[in-house]
Amino acid sequence: IWWLDPELTYGNAKPFVFTQGHSVCNRSFFPCFDTPAVKCTYSATVKAPAGIQVLMSATQSTYLEEEGVYQFYMEYPVPAYLVALVAGDLIHADIGPRSRVWAEPCLLPTAISKLSGIVERWLTAAESLYGPYIWGRYDIVFLPPSFPIVAMENPCLTFIISSILESDEFLIIDVIHEVAHSWFGNAVTNATWEEMWLSEGLATYAQRRITTETYGAAFTCLETAFRLDALHRQMKLLGEDNPVSKLQVKLEPGVNPSNLMNLFTYEKGYCFVYYLSQLCGDPRHFDSFLRAYIEKYKFTSVVAQDLLDSFLNFFPELKEQCVESKAGLEFERWLNATGPPLAEPDLSQGSSLTRPVETLFKLWTTEPLDSVAAASSADLTKWRTFQTVLFLDRLLDGSPLPHEVIKKLSECYSSQLDSMNAEIRIRWLQIVVRNDYYPDLYKVRRFLENQMSRMYTIPLYEDLCTGTLKSFALEIFYQTQNQLHPNLRKTIQQILSQGLNPLPAIDTTAVTTDTPAMVLEDKVSEATNGAISLRDVNVSA
């Protein structure tokens, strides 16, 4: 349960509270069987002060104004982690026949402009693929930047971090992913957290089928290439034999299942589902199977064998061919082998969007550098966001770059990137930090002074503390810590303290601007390198 003072909201007017149950946190909210294997209906009575709007992940709600009491009822069985509550200075607007958006008053116009009309389009596309939407309403509430993840698929009421509103393409993907969870994860749920891919891999596959239907195959392939790049980056950091890269992960006693949320759950799971769809020959045949799977198992929890047995029974000709035992691609190996996916999708339909990225990256990283040719080969202002972040991620992977390259990159792109969304800007600033490019460091400071969300602060602080700029990071932190949620503040303090004695909490009102650097001189001279960021490129729950 996250309690926010008014200063941690956008409006700075009223306190705010929200819950985040995934994976096993709702045991601190109410007594429950906190496992996805158990589902039940629920009702709730919530009393709140006047002027505070309360919402829950429920199919029915009423409000008794004279008593300040809200009544909620979820008529369909759900696992405990999908019970969610949010309360604060929230107002709404209808954006479709069965959807409305909730946000703080200062954010509502932006939310309306981004989502009006198109959510119904996504729901209709999903229904055409996987059958009726069974939850009645599909509403969205935008939460303050303290929300610890990007989005959460609470039934009837998707939670999304407000910070993502400025990044249109990420917003599209994040909402569509949560729409897909209405079928995969909410209606049919993984019975154990050791098989989280049954929700996330299938939801990612369904998300990409929906985006293909609504935005075309090229866009879907571009987004997939971006995510698979991130998967291989994470694999390089963790090692190919790391057990968390299995689809069937073994949960040791006392381990929080949320610690196993990684890109393997999503992207390796997606690759397995995609492989199953390819065995059918036509993705529409696989859509038919998934409709039958949903109809058979809705409102229950399943294990991988349920999915795979249903698949082989639905396609008896594949069962006769023993596709589950195909050498090198055995179903058992997909589930229990560590390392990369055994097969990856053909993304050639996205080449019109990915080829310019590859060409530009090659021009900037081939010696000797021809900066004139590189600068003139592409106009980033006309690129899609996913093209630009794919290009910047690859530059990040190659950092540190030769000084001449980073200098010319800054001259060509830095001012252009300043006006782009935060998903793009944070990547450029990470490049600045990893290359110790001092002329653009003031932009890092400016960015961190205006960000309160985990996804736009942690990666930069990790990079700053891994390199030679820890004193700079400490100075910014001491100046901005009061605008951060205590949980985020604690995480950043841990990053700043790596290899050191724990940093004391410091009263910034008593600290002069030069104190942090002075403090650091005493504490950090022997610092070891910090952890490498395992940034999940905005993984949604």
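Don't overthink the numbers, they just go from 1 along the chain as shown.
From the backbone N, Cα and C atoms, a Cβ is placed for every residue, glycine too.
For HIS181 (Zn(2+) binding site), applying a Cβ distance below 8 Å and a minimum sequence separation of six or more within one chain yields GLU153, SER199, ALA203. Residues or ranges marked as Zn(2+) binding site by TrEMBL: HIS177, HIS181, GLU200.
Here TrEMBL flags GLU178 as active site, proton acceptor. Cβ neighbours within 10 Å of GLU178 (active site, proton acceptor), excluding its own Cβ and spanning all shown chains: 26.
According to TrEMBL, the active site, proton donor annotation covers TYR266.
Here TrEMBL flags 352-496 as domain 'Peptidase M1 leukotriene A4 hydrolase/aminopeptidase C-terminal'. Here the domain 'Peptidase M1 leukotriene A4 hydrolase/aminopeptidase C-terminal' (352-496) returns a mean pLDDT of 96 for the predicted model.
Each residue contributes its Cα atom, and for GLU200 (Zn(2+) binding site) and TYR266 (active site, proton donor) these two points are 5 Å apart. Between the CA atoms of TYR266 (active site, proton donor) and HIS177 (Zn(2+) binding site) there is a gap of 11 Å, rounded to the nearest whole number. For the binding-site residues HIS177, GLU200, the largest tally of other C-beta atoms within 10 A is found at GLU200. Secondary structure by DSSP for the domain 'Peptidase M1 leukotriene A4 hydrolase/aminopeptidase C-terminal' (352-496): 114 helix, 0 strand, 31 coil.
A simple way to gauge crowding: the CB of TYR266 (active site, proton donor) has 27 other CB atoms within 10 angstroms, across all the protein chains here.
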